[in-house]
Amino acid sequence: MTDRVTVGNLRVSPVLYDFINNEALPGTDIDPDTFWSGVDKIVADLTPKNQDLLARRDHLQAQIDKWHRARVIGGFEAEDYKQFLTEIGYLEPEPADFSVTTSGVDDEITTTAGPQLVVPILNARFALNAANARWGSLYDALYGTDVISDEDGAEAGSSYNKRRGDKVIAYARRFLDGAAPLASGSWTDITGLRIDDGAVSATLDDGGSVALADPQQFVGYHGEPDAPTAVLLANNGLHIEILIDADSPIGSTDKAGIKDVVLESAITTIMDFEDSVAAVDADDKVLAYRNWLGLNRGDLAEEVSKGGKTFTRVLNSDRTYRAPDGETELTLPGRSLLFVRNVGHLMTNDAIVVDDNGADGAEVPEGIQDALFTSLIGIHGLRSAGDDDTKNGPLLNSRTGSIYIVKPKMHGPDEVAFTCELFSRVEDVLGLPQNTIKVGIMDEERRTTLNLKACIKAAADRVVFINTGFLDRTGDEIHTSMEAGPMIRKGAMKSTDWIAAYENQNVDIGLETGLSGKAQIGKGMWAMTDLMADMVEQKIGQPKAGATTAWVPSPTAATLHAMHYHQVDVFAVQSELAGKRRSTLDQLLTIPLATELAWAPEEIREEVDNNCQSILGYVVRWIDAGVGCSKVPDIHDVALMEDRATLRISSQLLANWLRHGVITEEDVKTSLRRMAAVVDEQNAADPDFRPMASDPDNSIAFQAAQELILDGAAQPSGYTEPILHRRRREYKAASNVG
């Protein structure tokens with residue numbers, strides 16, 4: 001790129017430079033020259049530290065590889081392994097007990113347990129939908145998913161099916177019986193609602209009336225006391241809105257005139273710059289930053305076509321109600337509280353390069369760029385200091401003046417400390433008070449898991465979130481022990497002892513370090529986007545395990561998962577778990593090696609085909625369409641939400657089997673060619689899809705998928721980004737894609 005803007009020792013892409021100066025900086029009172037001078041200084045000071053941390057990863061991995069290669073035949077003793085990891089500094093001393101001191105954190109994080117959406121920032125429509133998913137229709141979520149069965153003529157067709165609707169109403173009434181029970185009887189029996197002397201009164205079939213079992217659950221309403229149009233209830237810190245309109249199509253079929261039950265749903269949302277996006281150059285990054293800016297300024301809008309009509313989707317306003325006394329006004333947030341997930345420490349991006357005597361030098365670490373620019377933009381979502389009004393508009397993000405950044409893929413406490421140093425330097429450049437920028441720690445790398453308490457201590461005054469990520473964590477488990485021997489099959493990983501120990505330890509150490517009431521303790525994604533009945537049955541296990549939040553793939557899933565937090569008082573669970581350590585270091589260090597290679601040839605082929613199909617189905621959309629998060633049908637046509645984490649585990653498992661002779665390179669190539677035809681068929685209805693099977697040698701996507709497996713053992717920590725970014729850039733250049 002020859003037309004870059006020179007800023008000190010940096011050369012900046014003009015599309016980024018213009019965006020920052022003309023769109024992001026106005027309204028922040030930050031002088032452009034001062035800002036860019038600060039960027040230059042941070043890059044100069046912190047890039048060498050970033051590089052040193054990556055070099056340490058490689059050095060530790062080389063030592064571990066060498067140790068395992070010397071023992072791959074005879075095996076090893078657990079104590080010897082532990083001692084070795086301690087000697088090389090992989091295992092660090094656990095710090096003495098402490099409690100985090102994070103302050104200025106919004107209630108959505110500290111005192112509210114509920115679902116968390118993760119959404120790709122490159123898609124403005126998805127981002128708007130997610131931000132607006134703070135409230136969701138339970139009726140719609142039930143009617144449109146398999147939570148309500150099709151039995152007895154209750155199929156969901158092109159027009160409203162009253163039989164299905166009646167099932168939805170009955171389900172919602174049962175939910176209300178559990179979340180906000182009446183003093184006697186059931187919500188199924190009511191024929192109306194009214195407000196009497198500041199309390200809810202439900203009229204019953206027999207003409208009598210009944211109050212709530214706990215009158216304090218009534219917190220607001222719309223309309224008149226004798227004919228409310230909405231009744232607002234609260235349970236376990238979450239709100240339930242009962243909408244009443246006997247003249248509406250649904251309300252007219254309901255003896256109480258209830259037309260919907262609306263649940264407070266996605267309490268928080270992560271706007272993702274990382275695993276769910278394909279951002280490989282300055283143009284991609286600026287699109288992402290611009291969407292983040294629109295969310296923080298409150299002016300992001302997107303034209304949406306639905307049902308033959310086009311409308312503009314914008315961010316929802318806050319919701320107001322009359323308090324039970326009929327006089328006071330109650331205001332509740334209308335939008336999800338937003339985190340932003342930056343990229344990790346590994347990748348660089350050509351949006352900014354070092355000036356090499358007037359030529360383009362090395363690309364600047366992308367994580368440093370993200371920290372600077374997403375934090376700058378985050379200022380637009382903060383309340384002005386000492387002022388009840390907002391600085392740039394009515395749609396706040398944080399009401400306490402914090403910017404929330406999730407930092408992924410950190411390996412150990414030194415990398416967490418580096419992130420905190422970076423955030424501190426960014427605060428200085430932006431003129432923000434220290435610790436304005438909070439950090440969410442993804443516990444998804446093995447060295448972080450094994451040193452989790454030290455990682456939290458390194459961010460004790462910033463941490464607002466720890467979260468397990470089974471897929472990335474398994475990918476790192478495989479890669480770290482790549483030389484130890486062949487691993488078990490992918491599907492068996494979830495039932496291993498180390499996974500259970502990993503999930504338990506995250507909660508236990510979070511509680512031990514004082515996160516309850518100060519920070520989220522989170523758990524992972526439900527990936528089967530169409531199997532909502534299974535999700536409703538199974539995902540309740542996460543709040544029961546002490547997680548104050550867990551990831552969901554859609555607004556609909558957020559509304560359904562919200563029911564679990566009415567059924568489980570997570571903070572009570574945390575009180576019961578406090579003071580326990582349910583896992584041991586030995587369990588966490590148990591490598592998921594196959595104890596004997598007793599797989600039949602058809603089992604091996606099934607595993608290879610499954611993973612090859614998954615890899616191809618995701619990679620082809622990443623490379624050819626620039627889509628980083630896809631609902632990809634698996635080999636059995638079950639739709640799965642795929643991102644780079646799923647790609648990492650699939651490619652690393654096959655790389656491991658290839659390394660140890662379970663499969664051959666020819667097995668991989670043959671399966672990829674066979675599965676390419678399957679993926680082509682699954683995408684046949686997409687007019688923009690480029691088939692792979694007919695000419696795999698000239699399909700960049702196919703070649704990327706093959707490279708991810710065949711060269712998987714050599715990838716840093718098993719990450720897929722280096723190959724994906726290079727291949728996506730290759731595709732964009734070959735296809736003249738901007």
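Backbone N, Cα and C atoms are what each Cβ position is placed from, and that goes for glycine too.
Within Ser265, Ser276, Ser516, the residue that Swiss-Prot lists together with Val118, Arg125, Phe126, Arg313, Pro553 for binding acetyl-CoA is Ser276.
Among the candidates Glu366, Glu444, Glu445, the residue that Swiss-Prot annotates alongside Arg341, Gly469, Phe470, Leu471, Asp472 as binding glyoxylate is Glu444.
When the binding-site residues Arg125, Arg313 are compared by the number of other C-beta atoms lying within 10 angstroms of their own C-beta, Arg125 comes out lowest. With Asp472 (glyoxylate binding site) as the anchor, the candidate recorded positions are Arg125, Ser276, Arg341, Pro553, and the one with the nearest CA is Ser276. Between the two most distant C-alpha atoms of the annotated acetyl-CoA binders (Val118, Arg125, Phe126, Ser276, Arg313, Pro553) there are 22 Å. With Arg341, Glu444, Gly469, Phe470, Leu471, Asp472 listed as the residues that bind glyoxylate, the site has a largest C-alpha separation of 17 Å. Taking all protein chains in view, 22 other C-beta atoms sit within 10 angstroms of the C-beta of Pro553 (acetyl-CoA binding site).
Of the candidate recorded positions, Leu471, Cys629, Asp643, the one lying closest to Arg313 (acetyl-CoA binding site) when CA atoms are compared is Cys629.
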